[in-house]
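Sequence annotations record features per position, and here Swiss-Prot assigns transmembrane segment to 31-53, 58-80, 89-111, 131-150, 155-177 based on sequence analysis. Marked as topological domain 'Cytoplasmic' by Swiss-Prot: 178-801. Here Swiss-Prot flags 464-660 as domain 'FtsK'. Here Swiss-Prot flags Gly484, Ser485, Gly486, Lys487, Ser488, Val489 as ATP binding site, drawing on sequence analysis. Under the heading region 'Disordered', Swiss-Prot lists 720-739.
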Amino acid sequence: MVKRNQRKKSAPKKRLTKAEVEKQRAIKRMILSVLMALLLIFAMLRLGVFGVTTYNMIRFLVGSLAYPFMFAWLIYLFCFKWLRQKDGMIAGVVIAFLGLLVEWHAFLFAMPRMLDQDIFLGTARLITRDLLALRVTEFVGGGMLGALLYKPIAFLFSNIGSYFIGFLFILLGLFLMTPWDIYDVSHFVKEAVDKLAVAYQENKEKRFIKREEHRLQTEKEALEKQAQEEEKRLAELTVDPETGEIVEDSQSQVSYDLAEDMTKEPEILAYDSHLKDDEASLFDQEDLAYAHEKIGAYDSLSALASSEDEMDMDEPVEVDFTPKTHLLYKLPTIDLFAPDKPKNQSKEKNLVRKNIKVLEDTFQSFGIDVKVERAEIGPSVTKYEIKPAVGVRVNRISNLADDLALALAAKDVRIEAPIPGKSLIGIEVPNSEIATVSFRELWEQSDANPENLLEVPLGKAVNGNARSFNLARMPHLLVAGSTGSGKSVAVNGIISSILMKARPDQVKFMMIDPKMVELSVYNDIPHLLIPVVTNPRKASKALQKVVDEMENRYELFSKIGVRNIAGYNTKVEEFNASSEQKQIPLPLIVVIVDELADLMMVASKEVEDAIIRLGQKARAAGIHMILATQRPSVDVISGLIKANVPSRMAFAVSSGTDSRTILDENGAEKLLGRGDMLFKPIDENHPVRLQGSFISDDDVERIVNFIKDQAEADYDDAFDPGEVSDNDPGFSGNGGAAEGDPLFEEAKALVLETQKASASMIQRRLSVGFNRATRLMDELEEAGVIGPAEGTKPRKVLQTN
């Protein structure tokens, strides 16, 4: 017995490993799959009694979809692993197949012979008949499974509705078989809707432009027709040889009146909508009489000058030309600009009610008792005016800007503590959507005096009121902000506002555009002294020409005995009223520099000297400057420039340092961009937040074309800077390093290639010492390649390779 037990213990049963177990399972699964496949093949081929019976049993389950069902089953048996790897493939096939079952059964019970039969009994009777007779002859729809699905669907949605439900099942199954998810589909639908909306808006704008072009063409044709009739009338006039008076016969007068009546078309009212129907002519009789009177006066002046020498004879010709050109000049109207789009800020009102409660709760959590007095919804921000309790220090509220931004889930929060003229503190919170302020809307709502030629609407305040500024009182303006913040749009708005109010003989422009693309659209308008200057080296000479004009005007004022341009022009008007010899008033001059930093890189000393001299003395001479730059650093906006350009306009900047350079205080770094600005005029101690107006390129082109159609450019050679060369000794710009370190060009190339700048990198890559590397960094900063040091932050590379 002992030996027998020992023999049993010495031969224990061997346990299979996990791999062996898995292998056995795979073998069993393969055998089962092969047997199942043979069974399905017999059924598909209907071989003998066994095949027909098996096929009818499958038909009993899925009806006439037996073949697709068996084919899908075969694929599942041999491609199981592949199907498991495809997310949603099996579920999609099952759901789509269920939809087909519903469709097939709905088709079955739409047949006349099945209309009055019970769904389950009728389906079972058809299948059982074939099963017992060992045949396959009847169409049985979706089998018993189809009957099970079809009965509740048909009860709820009828037979026709069953088709629609089955189709939805099929679509859902196909969608699950695709690699897309519901987010992809919704995103695709959203993009398609957005594209349709954009296409609709573009078509709408194109239709508007087409209508405007047709209107302008009609008005132009009417004006040409009127001019032809005027020429015809003048040709038919006869002059009395004895008295020299014009004798008009009644026939010519009648024909002229008829021609004038024919030109009174309704479209002309678009230029002067305030005129009555009987005043709808583009140039009324008073204007024509005044023009004839002036032309006669200047003709007599030319005859008087013909008795003098040849050089003097040229002057009356110029004087004669200018008044006759501008007497019939018509100012552009606001109809040239695209109409304003309606705005809906009802969403903001609901958000404001919620934010008032959040603000009070947040202050309460910090132990500060405040009350929100009012909230003003502006185009870009909402201003909450809060009243702190007695004894609450203002700086406690000012220090909570970041906490308030967190509580309100806002991009940034600007605190105005206190609001000038009020015992309240303002908290400016960005709106969920910035409402665009169009130039046309701002112009129609502004109360700018049309007599003040340089008073232009600038933007809308937080309370929605239009704010205007008079450049003559500024007297110069500095516009600064990062790229894309809205500087160029603001400059275009200022130029367009002046063009809307001033004739070419009243205001002249000198435009300097080193970028070559911002102001070039204004070329060839009659308001320009010279074509738009795009060469930075020419720009410094052009500014010097303006300085010379300023000095000449002061000498003229001294001789006449007046203090400013207004006094001089008054003297001219008095002289013209009492004398036959006419003098032309001096026009105002507006100098616009679109990128000051580029000029300072090429000729910093000359440009800075000219700007400082103009800033100190040009106001009384009627010369004003608008300086724009996207690089508000101290090497561009020097202390002397800031002292002589007291009015500032700051758009969004990247840091508080840039904001302090522009405004002498923080705040611009919290702006939102897209025209959001802080405006600090000369007569205010604190900046005002405004949303600048948007003027499109199409609007600018329309007003420019309107002006060009009336008068041609008449450039003044006295302001022409002439030709300049790169070797001109008069320039002392910082654009190169001829007298600097020999490795300057290598260091510059390294910085431009890597777009990084540090003394340690120059040490390592150029194998130089620390002192030499720091000197190279200083030279790169002076050359405008890199920005100034900002503490521990890396220096910004201002140029690209």
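Even glycines carry a Cβ here, placed using N, Cα and C.
Mapped onto this structure are the features recorded in Swiss-Prot.
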residue	record	Cβ neighbours (10 Å)
Gly484	ATP binding site	12
Ser485	ATP binding site	24
Gly486	ATP binding site	25
Lys487	ATP binding site	26
Ser488	ATP binding site	20
Val489	ATP binding site	20
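Here the transmembrane segment (31-53) has long-range neighbours at 66-67, 70-71, 73-74, 77-78, 131, 134-136, meaning same-chain residues at least 6 beyond its ends whose C-beta is under 8 angstroms from one of its own. The transmembrane segment (89-111) shares the most Cβ pairs under 8 Å with 155-177, out of the stretches 58-80, 131-150, 155-177. Within 8 Å of the centroid defined by the CB atoms of Gly484, Ser485, Gly486, Lys487, Ser488, Val489, the record's ATP site, lie the Cβ atoms of Gly481, Thr483, Ala490, Phe651, Gly675, excluding the listed residues themselves. If you look at the transmembrane segment (155-177), the same-chain residues 6 or more away from its ends with a CB under 8 A from one of its CBs are 86, 88-89, 91-103, 105-106, 109-110, 185. Counting residues 6+ beyond its ends, the transmembrane segment (131-150) has Cβ neighbours under 8 Å at 46, 49, 52-53, 55-57, 59-66, 98, 100-109, 119-120, 123-124, 162 in the same chain. Ser485 (ATP binding site) falls outside any helix or strand according to DSSP and counts as coil.
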